[in-house]
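Here's the structure we're looking at; comments come further down.
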Amino acid sequence: MMRLSSYLRRFRWLVFTGWLLALVPAIYLAMTQSGKLTGGGFEVAGSQSLLVHDQLQEQYPDQGAVSLALVAAPRSDASYQDMNDAVALLRRIVSEFPGVSEVPNPTQLPPRPDRPYGVSLRLDDRNSVTSDVAKQLRTKVGIKGDQAGRTANGKVRLYVIGQGALSAAVAANSKHDIAEAERWNLPIILIVLLAVFGSLAAAAVPLALGVCTVVVTMGLVDLVSMHTIMSVFVTSTVSMFGIALAVDYSLFILMRFREELRSGRQPQEAVDAAMATSGLAVVLSGMTVIASLTGIYLINTAALKSMATGAILAVAIAMLASITLTPAALATFGRAAVKRSVLMHWSQRSECTQSLFWTRWVGWVMHRPWISASAASTILIIMATPVTSMMLGNSLLRQFNSSHEIRAGVAAAAQALGPGALGPVQVLITFPDDPNTQASSPKHRQTIGAIRNRMLQAKNVMSVAPPQFADNNCSALLGAVLSVDPEDLGARETVDWMRTELPKVPGAAHVNVGGPTALINDFDDRVAKTEPLMLVFVALIAFVMLLISIRSVFLAFKGVLMTLLSVAAAYGSLVMVFQWGWLENLGFTHINSIDSTVPPLVLAMTFGLSMDYEIFLLTRIRERFLQTGHTRDAVAYGVSTSARTITSAALIMIAVFVGFAFAGMPLVAEIGVACAVAIAVDVTAVRLVLVPTLMAMFAQWNWWLPRWLSRALPAVDFDKPFPPVDLNEIVVLPADISATKVPCGDLRMVLKLAAKLKNLAPDAICVADPLAFTGCGRNNKRSDRVLPGAATQESEEDPAMGKASDSTAALTAAQVGPVTRTNGHWTARNLVIGLTHRNSITRVMPWSDRPVHPFTLWRSRFSVAIDALEAHIAVQADAPDQPNYQRCSPVETAHVQLPTGDRLLIPTGAETLRLVSYLIMCRNSIRDYAELADMVDAIEPETAAVVLTELDRYYSCQLPMRQWMATQLVRRLSDPHPVDLTEDQWSDPDNKAEWQDVRQRCLSVAVAMLEEAR
């Protein structure tokens, strides 16, 4: 992955060009879809319904031709003339379409104003795509959206019905639903991403990848639909999973990139490290999702295979975009993606820091593993219990609201012809034992008559038409019109009865029952019989992928088991929401059965999606375990550091699914609800409760892997794909500091002063700085006292922070900042006043308790350094009679790694002490003593003494005399007499007390220097 990342960075403009070349034609294809998406595809290979369907197409052209119907439905004020004109209009429209003809219906009464009238149509070979013809007919009759067409006077409504019309209406509805869902999804996703990253540039990367994934996949789906059957529901599936997965995958990589930058890596190294960890996890996760979706092919029906194909394309494009476009984008816009907006206070915590809340939570559940596991398991089992009541069904018609024109048209046709006339049960009778005999021969007519009489005895059968014989006279066809709708459960019962009873009729006949009802029945039976096999296949795929990623038998088995619980809970939610109608008031349709396409899709998709979080979390835990060898510590660390990323990704996914659940048709809503519940359960009860508790219970068994299996598995290691960070002498902002908001004034001033320092000290050298953050802790000093000439405050070291000399724990008292001149008197204020970090946490804290940001501290250091260097130049130029303090060595600076990957040169803490001491020697002002006293508050007199006793190595005035500078500094610090101290300043008791404090602190440094010299 690192080599791939390196190539992608180097040739990023080629990557952008390639995706642009794929995006442009995809946009065209997505906007001008060919209309070949179908509402069918439910045929089952080898089933009776498919056999009957094929025989009708081959041997019964009048019965098996694909047809549509136009319906004229009168209003209560319509007349005979209105109906005649409407029917004439429909026939005139039909005549305008080549290859479309009317099928006479002798049983239908002439047009009347008290009942609808239907015009049945037949399409020849010139119109192979029925939905295209249906779209044109809908336009001709004036159908707009879900509103029916009307005649000129509005007294007769016009409809287009049939399989092609259903497909066209579903396609139109899908476009509308996708637009509505994205109107909800995109703002929600943007808000979540802004909350996570605190940067519009960072939030734009995953969002752009999501949109790109959906558009490219839509174009591919349109190309595939030209060569194979693709369901109209593919568009919703692609949009739903494409944007969710693309945003999630790029989110994982971008979060790791920011984390690596904050650990001290350069931007290019951070991109490679992110790809070697999160990028590899994305590849494994995407492959797991794709492998899980291939399980749907086991069902072997065109509708489900097409939806699986669309989902696989969406996952593949999302994965490909994430691992190619993301590193290219980060190499180009990485710095902008890392910078946090100063207006976004909610996202100030770093991605890689451990959350105190989640650390405590994991500790609590691991301390009570049996209670926690029992409670979580009980909740999941309760949610899964309704699965036993799940009823499977299938209906295109119920995908529309009751007010939709397609349902009104079907209802009008049922009123004109009868509810079962639109989908008769078709019984095909063959005589395989006597292939040379004609089906219409007298010896077989008696058997056919007996079968027809038996059909009339079936429940819900209104009439059975006389037998029709095939063109080759080898079979006979009987059509039964039912008294119920073909999609009604009663119609299914009738089909089941016929399949059981008709073969028992005496004779040598072979009976196959087909028709629309039998077709759906066969589809549902195939799903019910094949889903257990699919479950085993998907679970095995997930187990193998987890085994490769985690290299643990127990963790892989546990991951599969936990995902099964999530899927069961999702199935239970389907029953509660749709079958039982618990959320009907929120707009979810109350239906009698769950669409049979939903359970296998949800099973494959949720299994794959859950692997995202499983792999991401467990690889974090394993990485920590390999470092420490302690399971509980590894679990606490893994959960607390990844909880924010997992929660953010889950929120995005749930938002997408919920958006489609509310905006989509019932079938899409079912998928959205089930996936949203599965993800919500997975990231709460499973990842945050069951995973830590079970790992705490099994301790070292979590990591058991037989040696033979370890040798057999491919080597995919997440913890050693790239070299460790070599910081050398670079200062890296700690995560808890780098995540805080930098005061804008301090940031601008530091950058300005850094450039000025580079000009004043071009020969500066870089060294390590153990005092880089000394003075950034909480300020416990008084901030309301003003010195007679320079102000300072008492400081107390925070014992929790440790010694100031420790570079990692030296976040102690606050550093004093710049002073101001007011009415001729020097006044100094603590940096806390007006310069401290103000975020949502510290805003409610007293000024004296707020932490000091490093940039505020470094601004003070820069001020001292610039002041000293400018004073040195001024003394040499304007005061040749003063002592000539020569600099003996270059100015010492330190490299600071910023969160953006940029590096900044700052004066070291020791150099700042030397420079302020130089100012005391050459200028001897109140301000200089006050600044030194306040620096001593932060670093302790002993630490200052260690630095200042070596002052003669950096400055010299009397070359023959050794330690002259340090000796003179001790004299001045032991009894300060600044040149700008006046008698008027002693009149104020507060000023006098402040000056005594400064003298005392300076004296403590002088004493410490004498002790150090011994």
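Heads up, the Cβ atoms here are built off N, Cα and C, so glycines get one too.
Annotated in Swiss-Prot:
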{"type": "TRANSMEM", "residues": "13-33", "note": "transmembrane segment"}
{"type": "TRANSMEM", "residues": "156-173", "note": "transmembrane segment"}
{"type": "TRANSMEM", "residues": "188-208", "note": "transmembrane segment"}
{"type": "TRANSMEM", "residues": "235-255", "note": "transmembrane segment"}
{"type": "TRANSMEM", "residues": "279-299", "note": "transmembrane segment"}
{"type": "TRANSMEM", "residues": "311-331", "note": "transmembrane segment"}
{"type": "TRANSMEM", "residues": "373-393", "note": "transmembrane segment"}
{"type": "TRANSMEM", "residues": "530-550", "note": "transmembrane segment"}
{"type": "TRANSMEM", "residues": "560-580", "note": "transmembrane segment"}
{"type": "TRANSMEM", "residues": "598-618", "note": "transmembrane segment"}
{"type": "TRANSMEM", "residues": "649-669", "note": "transmembrane segment"}
{"type": "TRANSMEM", "residues": "671-691", "note": "transmembrane segment"}
{"type": "REGION", "residues": "783-802", "note": "region 'Disordered'"}
Tell me whether the transmembrane segment (311-331) sits in contact with the transmembrane segment (530-550), defined here as at least 3 Cβ pairs under 8 Å among residues 6 or more apart in sequence.
no
Please identify the stretch among 279-299, 373-393, 530-550, 671-691 with the greatest number of Cβ pairs below 8 Å relative to the transmembrane segment (560-580).
373-393
The transmembrane segment (279-299) and the transmembrane segment (373-393) contact flag, 3+ Cβ pairs under 8 angstroms:
no
For the transmembrane segment (530-550), the candidate among 235-255, 373-393, 598-618, 671-691 having the most Cβ pairs under 8 Å is 598-618
Who are the long-range neighbours of the transmembrane segment (235-255) in its own chain, taking Cβ under 8 Å and residues 6 or more past its ends?
37, 171, 174-175, 177-178, 181-182, 185, 189, 193, 196-197, 202, 205-207, 209-214, 217-218, 221, 274-275, 278-279, 281-282, 285-286, 289, 307, 310-311, 313-315, 317-319, 321-323, 325-327, 330, 337, 351, 601, 605, 609, 612, 616, 645, 648-649, 652-653, 656-657, 660, 664-665, 668, 671-672, 675
